[in-house]
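Quick look at what Swiss-Prot lists:
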type	residues	note
TOPO_DOM	1-120	topological domain 'Cytoplasmic'
COMPBIAS	11-25	compositional bias 'Gly residues'
COMPBIAS	26-36	compositional bias 'Low complexity'
MOD_RES	81	phosphothreonine
TOPO_DOM	144-153	topological domain 'Extracellular'
TOPO_DOM	176-193	topological domain 'Cytoplasmic'
TOPO_DOM	214-225	topological domain 'Extracellular'
TOPO_DOM	245-256	topological domain 'Cytoplasmic'
TOPO_DOM	283-302	topological domain 'Extracellular'
TOPO_DOM	316-326	topological domain 'Extracellular'
MOTIF	316-321	motif 'Selectivity filter'
TOPO_DOM	354-866	topological domain 'Cytoplasmic'
């Protein structure tokens with residue numbers, strides 16, 4: 001695009017200088033459109049292309065990373081910008097940017113890479129230089145032979161002259177090409193580059209070769225002495241490795257195994273000096289005799305001779321110039337040779353293995369370096385995929401990039417007449433509106449400046465709403481309705497199109513949604529493609545790489561598991577307590593209940609304190625729950641055992657009773673009912689006196705298996721005593737038992753004769769307490785239900801507290817008892833008479849949930865007032 005268009009002298013150059021000075025709009029008053037079109041056609045531009053190029057280049061200054069090229073359309077006498085601005089608008093440039101600056105930098109970088117970092121075809125040049133240096137060395141060796149001295153000298157002179165020109169030109173190119181690096185720019189940077197060791201070597205070899213070539217093959221003393229400098233060509237072999245890769249590799253191997261090498265060299269040196277000293281002591285006074293019997297000079301005359309012998313021997317060279325003569329010396333030499341040779345040869349093995357490992361590591365590193373480009377491409381594609389998300393309206397930089405590279409034309413109404421617009425399709429209209437769009441470089445969109453190309457010079461120009469830079473930024477932010485409306489207006493030739501705002505200046509706000517969707521699809525495909533390429537580069541290089549990957553994965557898994565465990569502990573563990581240490585509640589040994597104390601009596605008993613604090617971790621809480629479940633099991637076992645013992649004692653008291661059978665008349669049946677009521681009061685009196693003398697009266701249960709279908713007891717109590725001291729006393733219990741289930745005091749059916757206090761007197765009426773008498777009298781309208789619990793039913797109960805019986809034939813009286821007794825046979829733990837139909841609670845709660853100290857006024861019939 002670097003074409004400059006000649007414009008009339010009166011035309012302002014602000015539009016062409018938009019890249020450096022901010023870019024103003026072209027002045028339409030500077031010349032007519034025809035003259036401008038002629039001038040543009042002279043330089044090979046279509047009408048309007050000058051403004052396109054100028055606008056595109058002016059807007060390019062705002063894009064980060066674009067080249068700042070000089071725009072066209074500048075007048076010869078136009079005043080230049082006093083000072084250019086750099087790429088980041090921070091560093092002012094002292095001179096304008098050259099047109100061939102990019103090409104100059106590209107050639108400079110290419111030469112620097114070929115000389116300093118040879119790859120590909122550059123290796124051929126370095127191979128040629130190596131052959132030249134090797135030929136000079138061979139010819140220098142041949143000059144030492146008398147028969148080849150003359151011929152080899154002539155060829156050596158020609159080859160050295162050629163080598164001087166080659167090396168001189170190469171050195172100059174190296175100094176010049178070093179400017180592509182920022183640290184070697186300027187003359188100071190060039191001096192810094194020339195002070196490098198290899199550059200100093202090149203300078204030294206060039207200086208030494210010039211006088212050798214100058215004197216030629218002269219036979220004087222000066223020429224002969226200068227010819228010795230030819231062997232400095234050997235130093236040129238060092239320049240083959242400009243980057244010092246071999247030396248770096250050797251140094252890294254030595255540094256990696258420095259401890260092993262120092263150990264081997266240290267022990268080998270000790271073996272050398274000790275063996276040499278002992279051999280010197282033994283062999284120093286032994287004279288050497290030749291074949292004629294004459295004494296010769298001693299071989300181990302000094303300690304230095306012994307050190308020489310020891311070094312040659314332990315290094316396994318063995319010149320044989322010095323050997324021990326005595327058997328003592330030979331024995332010492334053999335012993336120390338076996339020890340010292342192994343330590344002298346050990347560094348060679350260490351260096352060999354170290355170099356092999358380093359070479360393998362370099363190959364692996366090269367394999368890993370191949371992942372850099374796919375990784376960078378994947379990161380770039382991932383960001384562009386994220387930035388083109390339609391939901392992220394705040395990310396506009398990526399869309400602006402596409403605005404600068406995707407060309408999307410506008411429509412000019414002067415290019416489309418009404419007849420043509422009706423015949424041409426949309427694609428033809430697009431091509432017609434931008435005839436030279438395909439020839440522009442860089443795919444920069446250049447919106448047309450209609451003001452500069454008017455049909456009539458006398459037509460009044462319209463004011464431009466925004467400058468060129470703003471128009472370029474929003475060039476492709478056009479809505480679909482604006483696009484179709486503008487094309488419609490341009491095709492139909494509507495004179496009101498300009499009034500609507502779609503003639504010269506489009507109200508462009510956003511890109512077409514279809515174009516955005518296409519760009520989004522391309523971003524997704526590129527992201528998946530780069531992701532696939534990056535996964536292909538992640539293939540393991542060798543078995544060691546596989547092991548390292550598995551090890552890294554295992555460590556990562558362990559770290560994640562540890563992190564999860566820490567998070568779980570943080571979730572289930574409360575924060576640090578604020579209570580001081582000396583006031584914290586401590587936990588001691590597990591609390592055990594006394595053998596004669598019910599655990600339900602005092603469930604919350606303070607535990608003794610110790611110096612330990614409770615474990616608040618998740619495992620500690622599991623242990624705590626398990627301990628509590630174990631304690632609950634022990635309590636249930638205790639309750640079941642106590643209840644079974646209680647049932648056994650009740651069975652002992654009623655074992656002797658046997659009810660009469662075969663009632664023949666209603667009178668006899670009524671008499672048996674009265675007798676059954678008397679038996680009930682007798683049992684209540686007997687049980688109330690079996691406990692401790694000071695214990696309060698309480699009602700307990702009688703097993704129902706002793707009750708028959710035709711009487712209260714399975715057998716008639718023919719031998720039941722109604723008086724005397726033995727009738728009120730039974731076997732004393734070892735301790736005061738407390739039943740675990742609340743006793744149910746339900747009276748017999750209304751057929752009984754408990755309707756008045758007069759009928760209350762029976763065989764044991766004198767043994768019933770006043771409270772019991774009032775309770776029996778008050779509840780005389782309901783049958784008495786004595787619960788029957790055996791061991792089988794306790795095992796069938798899930799908790800031991802809900803006790804039931806499933807014998808339907810247990811009934812009271814000849815008629816089988818009441819229906820309420822068959823439905824409600826048990827009272828569960830925590831259940832009160834509120835849950836039963838005939839009773840409602842009234843009064844204060846009992847003193848103990850076990851039945852001790854039950855008030856007689858608690859239970860009142862639900863149908864009677866108290």
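Counting begins at 1 with the first residue displayed.
Every residue, even glycine, has its Cβ placed from backbone N, Cα and C.
Predicted, not measured: the structure shown is a model, and the values here were computed from it.
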Residue distribution over DSSP helix, strand and coil in the topological domain 'Extracellular' (283-302): 1 helix, 4 strand, 15 coil
Rounded mean pLDDT for the residues that make up the topological domain 'Extracellular' (316-326): 87
For the topological domain 'Extracellular' (316-326), sequence-distant contacts whose Cβ falls under 8 Å of one of its Cβ atoms, 6 or more beyond its ends: 279, 282-283, 286, 288, 299-300, 305, 308-309, 332-333, 341, 344-345
Spatial neighbours of the topological domain 'Cytoplasmic' (245-256) far in sequence, C-beta under 8 Å, 6+ residues away: 351, 354-355, 357-359, 362
